Structures are given as C-alpha cells and as structure tokens.
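Below is one structure, written out as structure tokens; the observations come after it.
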Amino acid sequence: MAPFSFLLTLLLYTLSAGASVLESRSSALLPRAGSLQQVTNFGDNPTNVGMYIYVPNNLASNPGIIVAIHYCTGTAEAYYNGSPYAKLAEKHGFIVIYPESPYQGKCWDVSSRASLTHNGGGNSNSIANMVKWTIKKYKTNTSKVFVTGSSSGAMMTNVMAATYPDMFAAGVVYSGVAAGCFMSNTNQQAAWNSTCAHGKSIATPEAWAHVAKAMYPGYDGPRPRMQIYHGSADTTLYPQNYQETCKEWAGVFGYDYNAPRSVENNKPQANYKTTTWGKELQGIYATGVGHTVPINGDRDMAWFGFAK
C-alpha cells in the first residue's frame, strides 16, 4: 500500500500545484489594482473605442461599477485625473471604467443610427461590452452599474441610458443634451449638431420619450434613475438643453414635466436649484455656471447609493 499512498500524495500535490499556477495566470490577466490600466481584449469592439479601467486596492466583494465618460478633446486619462471617481472608488470599493473616444476630436458618436440603437454596432455597443467584460471578470453586482459623463460624455450618458436601460441602475449627466438630439440626418458618426447645441431642438416630453424608447425597440423593463446638471451660462450646449433633457426623461418615466414634486432653491449649494419629479428623475440647474458644471462626487455617490 505504501507505493499507492505515495502515488496518491504525488497526484494530489501535482493537481494542487497546477491549480495554483492556473490561478496565478488567471490573476495575471486582470488589470493591476490601484492605477489606470488599459484593457484591449474586452470583446467585440465595433468602433475601436478605448477601454481603461481603475480597480481600487480596496475592492469590495461583489463590487459596483461606474462608467465615467470624458468630454470632447478629452481622454480616459484626462477624465481619470480630472474627476473624483478613482479616489471615491478606494473609499467605496467600486470599479471605474473610463472609455476613450476613437475619433480625432475625441467627441463621442451620439449621432449615428448605430450608436443610437441597442446592439447597433456603434460607440454605445462598445461601451456596453466593456461593462459586460468587467461584470464577468470581477463578478460585480449587476444591480450597481452606473454611468456618468461631462459634455460629450454627458450626451453619451443619456444615450447609454436609452440604448442599454437594462444595464444601468442610474446615471448622472453633467451639461449634455437629450438622447437623440444630435442625431445626424446623413448618419454621420460623431457629427456636431448646431441646432441642438444652440437649444433649438425643442419637443414635448412625449416626443422626446418616443425618441429615447426607440433606441431599444420592444424594451419595457426598468430604466435607470437620472440626475441632470446644467449651467445657465453655458454657451457651448445652451441652457435650453437642460429643459429638453429633463422633458425627455420625464416623458420616459411618465411624470408631468410641468408639475414637479418639489423645487428647492439654493440646493445643493447657493445659486443651484434642484427640481425633483420623482424618485427616478432630478434636475439641478446652476445659475451663473458655464460649461461644464463641476462634478459633485459626494452627491453622485448618494445618487448611486454608495453613500447617504
């Protein structure tokens, strides 16, 4: 029996060692924690969008995800450095995905049919695949996936909420336009739309809701709660876009846009006005603030449910 016992011990050791090697190799494939890392193999990437990720040293078990989307002329690294999300990730344990636009001016494609359609093969599709990769690799909490962005990234935030409403629990929009407002009649990618930018694309809540819902035909499930920021002195994306964005989501959620539940002046700070239509929609209008409204990380954490 001794030879058999020896062989059994050797076999168990070999299997154990092999498992350790496989585990080590698997871990090595994951981005290093505590710094911004590029991911190049996240899956189908129809528009060659760059993926960068920040995994905190203090990663929670079953962590949440925030997708943080940069502005025109920006990069993933610039938004990583200029926004508070990586620092907040260390405090709350979530993962941050920083997509990077593939276009020369670094604006996002919020204009083509592909990007304005669920699984349509545009920028929105690439970003959604980044989220799916992260969920699979890190076993994240699928009920705690959020999206936010500034300027062009705010536009894409609205688009992501409309094209993938089943993916996100909430979104925060810093100085954007309504989803579909930049739609290109010639189906151009990342097209600029001066009519929309200047606040001249005006519609009813019902019409805007139709635009948003058409981005995922047939979908009738839950949609992300939306918080909309805009400044009264914005000369890039004119202030009327605040009204149109709020009208869009009020229409989507079935709120009466003209009868909000509450209007609070000087909240969350002086010269800001917070309008709440219901638990799914809140707008914050900043008097005297230009483009873009500064990110309020603590309020974002409260809206996303990471903090009270």
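Using the three backbone atoms N, Cα and C, a Cβ is placed for every residue, glycine included.
Quick look at what Swiss-Prot annotates:
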{"type": "SIGNAL", "residues": "1-19", "note": "signal peptide"}
{"type": "CARBOHYD", "residues": "Asn141", "note": "N-linked glycosylation site"}
{"type": "ACT_SITE", "residues": "Ser151", "note": "active site, charge relay system"}
{"type": "CARBOHYD", "residues": "Asn193", "note": "N-linked glycosylation site"}
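The CA atom of Asn193 (N-linked glycosylation site) is located 14 Å away from the CA atom of the residue listed as 'active site, charge relay system'.
Each of the recorded positions Ser151, Asn193 was scored by the other Cβ atoms within 10 Å of its Cβ; the lowest score goes to Asn193. Annotated pair Ser151 (active site, charge relay system) and Asn141 (N-linked glycosylation site), C-alpha to C-alpha distance, rounded: 28 Å. Residue density at Asn141 (N-linked glycosylation site): 16 other Cβ atoms are found within 10 A of its Cβ, drawing on all protein chains shown.
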